[in-house]
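*Asks:* The structure that follows is given in the form of structure tokens.
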Ligand SMILES: Nc1ncnc2c1ncn2[C@@H]1O[C@H](COP(=O)(O)OS(=O)(=O)O)[C@@H](OP(=O)(O)O)[C@H]1O
Ligand SMILES: Nc1ncnc2c1ncn2[C@@H]1O[C@H](COP(=O)(O)OP(=O)(O)O)[C@@H](O)[C@H]1O
């Protein structure tokens, strides 16, 4: 009996008939979870989008999970949930930016990303994901599944550049004390220690050039058809 079964004897894993290998054969690619992490404004969404375009153009089956979008639905904040579900539900399941909320955010995305990868999709996830332990848990979950398909990309753009860009005006508000727990300003960012790719994203290269670096890495490791 597995550990999860002994904790929850009423919840039993059901094996499916179509295997991951069947799906991957059909798609002609290997499923994986490409995880972009970095400060707000470092370029995660832009580079992930550029890579997604490049992959689709070459015939890959992909899906992009983006922090801002996921926080509109699966990981919505309490104020988006309260009208339809009530205050107590919204308080319990809505997510903000405190450490536990971010932990739950990354746990949910990790679980979804794991399912998408198991479906054979080249899955891209772009989240600040500032805590090493949260990212490492996602990696561990994929590795426990017998794969090494968690590909961590540290989008390393210096804080000064992110703050200069400030496309949503969030840094300005955070500096003025209007946004609590803002990563890089009033909240920590723990850089990956051994990412598969350390992308020096503030060195003047365009998002397309940076996406090509990742695309070449994926090709070399045999991830694509
Ligand atoms: N306090 C605080 N800290 C960091 N970011 C904040 C915060 N409040 C709002 N935002 C906006 O939310 C986006 C980050 O959401 P994520 O789901 O990626 O965050 S996390 O992974 O749970 O840390 C992030 O999007 P990106 O700028 O695309 O990274 C911000 O626009
Ligand atoms: N390599 C780059 N060079 C110059 N500007 C960039 C680069 N990557 C992203 N940007 C710009 O920086 C801003 C923030 O990028 P974005 O992808 O939204 O970051 P994040 O998703 O990490 O918050 C956007 O205006 C984007 O056009």
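Glycine is no exception: its Cβ is also placed from the backbone N, Cα and C atoms.
Bear in mind that TrEMBL entries carry predicted annotations, made automatically and left uncurated.
Annotations for this protein, taken from TrEMBL, read as follows:
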type: ACT_SITE; residues: 129; note: active site, phosphoserine intermediate
type: BINDING; residues: 38, 39, 40, 41, 42, 43, 44, 45; note: ATP binding site
type: DOMAIN; residues: 30-200; note: domain 'APS kinase'
type: TRANSMEM; residues: 111-131; note: transmembrane segment
*Asks:* Please list, in sequence order, those recorded positions from 38, 39, 42, 43, 45, 129 with the Cβ less than 6 Å from ligand 1.
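*Replies:* Near ligand 1, sequence order: 45, 129.
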*Asks:* Compute the centroid of the Cβ atoms of 38, 39, 40, 41, 42, 43, 44, 45, then list the same-chain residues not in that set whose Cβ lies within 8 Å of it, in sequence order, for the ATP site.
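*Replies:* Residues close to the ATP site, other than 38, 39, 40, 41, 42, 43, 44, 45: 128, 155, 157, 162.
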*Asks:* Among all chains shown, work out which of the recorded positions 40, 45, 129 has the most CB atoms within 10 A of its CB.
*Replies:* 129
*Asks:* Provide the three-state secondary structure of residue 44 (ATP binding site) computed with DSSP.
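*Replies:* DSSP assigns residue 44 (ATP binding site) to helix.
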*Asks:* Would you count the other CB atoms within 10 A of the CB of residue 38 (ATP binding site), including those on all shown protein chains?
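*Replies:* For residue 38 (ATP binding site), the 10 Å Cβ neighbour count is 27.
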*Asks:* Quick one: what's DSSP say for residue 38 (ATP binding site), helix, strand or coil?
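*Replies:* Reduced to three states, the DSSP call for residue 38 (ATP binding site) is coil.
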*Asks:* Out of 39, 40, 41, which binding-site residues lie by ligand 2, with a C-beta less than 6 Å from some atom of it?
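*Replies:* If the test is a Cβ under 6 Å from any atom of ligand 2, the answer is 40, 41.
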*Asks:* Can you give me the same-chain residues 6 or more apart in sequence from residue 42 (ATP binding site) with a CB-CB distance under 8 Å?
*Replies:* 155, 156, 157, 162, 201, 202
*Asks:* 10 Å Cβ neighbour count around residue 39 (ATP binding site)?
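*Replies:* Taking all protein chains shown, residue 39 (ATP binding site) has 24 Cβ neighbours within 10 Å.
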*Asks:* If I take the alpha carbons of residue 41 (ATP binding site) and residue 129 (active site, phosphoserine intermediate), what is the distance between them in whole Å?
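*Replies:* So the alpha carbons of residue 41 (ATP binding site) and residue 129 (active site, phosphoserine intermediate) sit roughly 13 Å from each other.
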*Asks:* According to DSSP, folded down to helix, strand and coil, what is the residue listed as 'active site, phosphoserine intermediate'?
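*Replies:* Looking at the DSSP assignment, the residue listed as 'active site, phosphoserine intermediate' belongs to neither helix nor strand, so coil.
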*Asks:* For the domain 'APS kinase' (30-200), would you mind checking the mean pLDDT of the predicted model?
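*Replies:* Reported value for the domain 'APS kinase' (30-200) is a mean pLDDT of 96.
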*Asks:* If one measures from the C-alpha of residue 44 (ATP binding site) to the C-alpha of the residue listed as 'active site, phosphoserine intermediate', what distance in angstrom results, rounded to a whole number?
*Replies:* 11
